[in-house]
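Please read the structure below before turning to the comments.
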Amino acid sequence: MTPQRIGFVASSAPVAQEALNVMAARYGQCPLPEADAIVALGGDGFMLQTLHETQSLDIPVYGMNRGTVGFLMNGYAEDGLRERLAEAEEEILNPLAMTAVTGAGEVFHRIAINEVSLLRAGPQAAWLKISVDGKVRMEELVCDGALVCTPAGSTAYNYSAHGPILPIGADVLALTAIAPFRPRRWRGALLPKTALVRFDVIDAQKRPVMADADGRSVRDVVSVEIRTEPAVRHRLLFDPGHGLEERLIREQFV
């Protein structure tokens, strides 16, 4: 079925705002809750923001690249948008759920589509204890940080930290160390998608750590739990032959 009601959103970048004016004038602007499809104009950062802000609507989101990074975006063109939406392939993503506890006892819940990362927040290296499904797997990881990512997020920060690119259909998560000092050669692990990963910060006052879920940070954490959230799903639309699986393969040969 060809979507008739389209809701457009755009980043604050001038090129994205210009595209918003052009596309809304040409195809009409529908309130997002009433739309058949949402079109996000910007880069990957804005796409993540849009997915977070619209996750309760269960409406597919089609990105058009008007930013600097476009891994999650389709090419921008003013013509034939309804036809492209009708022919698009849909990918369903389940995000990560993060529960972070601070030294003051505050509890923060965040959703992350790409990754949850723990990063040292001072000059001292972070000391982390890692547990998986209630069993301690590493008593002490000395590092700049660590992250857990989804397959969709494996080409982002995870890949920059020398983590593996995961097939989009794989029921696994990547746990990747960021600049590990001890164990020096330990890079991380592949875990089942159902795993509950827990990080406990050792000597948190001397070695402060922050947790970050897709750019939303919590400072001075003492523990962080991460798991897949099956109750939340994000629907992404891609042009035929340019879905996430193809993009993940292509990224490895750049």
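Every residue gets a Cβ built from N, Cα and C, even glycine.
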Please identify which of Ala25, Ala97, Ala177, Ala179 is recorded by Swiss-Prot as part of the NAD(+) site containing Asp44, Gly45, Asn114, Glu115, Asp144, Ala152, Thr155, Ala156, Tyr157, Asn158, Tyr159, Ser160.
Ala179
Cα distance (Å, whole number) from Asp44 (active site, proton acceptor) to Asn114 (NAD(+) binding site):
11
Longest CA-CA distance among Asp44, Gly45, Asn114, Glu115, Asp144, Ala152, Thr155, Ala156, Tyr157, Asn158, Tyr159, Ser160, Ala179, per record bound to NAD(+), angstrom:
25
Would you find the one among the recorded positions Asp44, Asp144 whose Cβ has the most company, meaning other Cβ atoms within 10 Å?
Asp44
What are the non-local neighbours of Thr155 (NAD(+) binding site), defined as same-chain residues 6+ apart in sequence with CB under 8 A from its CB?
Phe71, Ile165, Arg247, Leu248, Glu251
Whole-number Å only: compute the distance from the Cα of Ala179 (NAD(+) binding site) to the Cα of Asp44 (active site, proton acceptor).
25
